[in-house]
Amino acid sequence: MKRKFTKTVLNAVFVLGLCSIMGGTSYAWDGKKDGTGTHALIAEHGLTMLNNDLNQNEPKPIKQNIEILNKYLKDLKLGSTFPDYDPNAYDLFQDHFFDPDTGNNFTLDNKWYVASPIYDTAETQVRKFATLAENEWKKGNYKEATFLLGQGMHYLGDLNTPYHAANVTAVDSPGHVKYETFVENRKENYALNTAGNDTTQGIYKDAVANKDFDQWMTQNSVKYAKKAKALYYSHSTMKHNWDDWDYSGREAIKNSQVCTAGFLYRFINEVSEDQISGNNLTNEFNVVLKTADNEYAGTDDNVYFGFETKDGSKYEWNLDNAGNDFEKNQTDNYILKVKNDVKVNTNDITKYWVRKENRTPISDDWELSNIKLISNGKVILQKDINKVFSGNQVYDINK
């Protein structure tokens, strides 16, 4: 959102300068707009592994949902490359990075980065897209669900990339692009078709051990990102030789495929069971808002999201990411953390609201299409709004 003009201009100049250095891309595993490249290979072979490893005694709903996923393989692959071409993406793809030891992307960990920090990471994006995918799947929107799931698999692939797990960008080292180009040219040599065991063992058994989907996703991402980060320091820097890079690439792509196969198995289990998460306490939410695709739908005014609990406590957040928020036809995502790590019971929420506040005496109207709120790996609020906000206005959403 264009709030603080001087700060925004400085951020823009800084980011444009970095784009010229980094080539305007995070690079990571390669992916083409048409659903080909390394990311697509990882997604496809992850599903192939699951099909080949599927125990024949799996429940009927598991088998049926895997068949649906097979039917929409093309959408899975398209989703797996889309984040690199999303017109609403961060200019430096900051959310494609995740250091498992700090929990941050490079905007918080690398001292040379002086623009506004980005709090989305590859880990948070995996959880967001998988949750949105599960929500659409359970409504029968399989094509959209699979495309969203593919986007989650993109970020899962990114955190398996050694340079991304170590928060080493093209600014930090020319090896970033060189290494990933090296791997792209050899990706077919690293392809797998099985995890080496069926779905009653190994990665598949591990994938369903923790019944809390949201917790498991974080644990899974941290586990594999640690492997990727270790590979960076042991075999992937500019100090290492071609044999080291070949070993690193083989291990990293193997981990990406194995990780994907396990994740797809867990996802299929989630959508095959009528279960409700028992964890209703949280200090973090993820709100996703879609601005309408109409002329003048966007706004530069301040936008807030909040809710009230049955004890009268009110919580509200100013929705402001780096760059421009609430542009025409743009989907904006915000990680909302409750102050002082206070845990909120989502069952106690009685109402939600969206509030627009003028920044100048003249209102900059805004048309909101829809909103979704994520908590603990579940969509707990989804509503089509389709409303124009004028002036200082509050829109209440009853639970």
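Using the three backbone atoms N, Cα and C, a Cβ is placed for every residue, glycine included.
Swiss-Prot assigns the feature region 'Linker' to one of the listed ranges (171-178, 275-282, 363-370), namely 275-282. Comparing C-alpha positions, ASN324 (Ca(2+) 3 binding site) sits nearest to GLY298 among the binding-site residues ASP84, ASP158, HIS164, HIS176, GLY298.
In the shown protein chains, 16 other C-beta atoms lie within 10 A of the C-beta of ASN324 (Ca(2+) 3 binding site).
On the 0 to 100 pLDDT scale, the region 'Linker' (275-282) averages 77 in this prediction.
Using a 10 Å Cα-Cα cut-off around ASP158 (Zn(2+) 1 binding site), the binding-site residues HIS96, HIS164, ASP320, GLY323 reduce to HIS96, HIS164. Cβ contacts within 10 Å of HIS96 (Zn(2+) 3 binding site), excluding its own Cβ and spanning all protein chains shown: 28. For HIS164 (Zn(2+) 2 binding site) paired with HIS96 (Zn(2+) 3 binding site), the C-alpha to C-alpha distance reads 7 Å. Looking only at the binding-site residues ASP84, ASP158, ASP300, ASP325, the densest Cβ neighbourhood within 10 Å occurs at ASP158.
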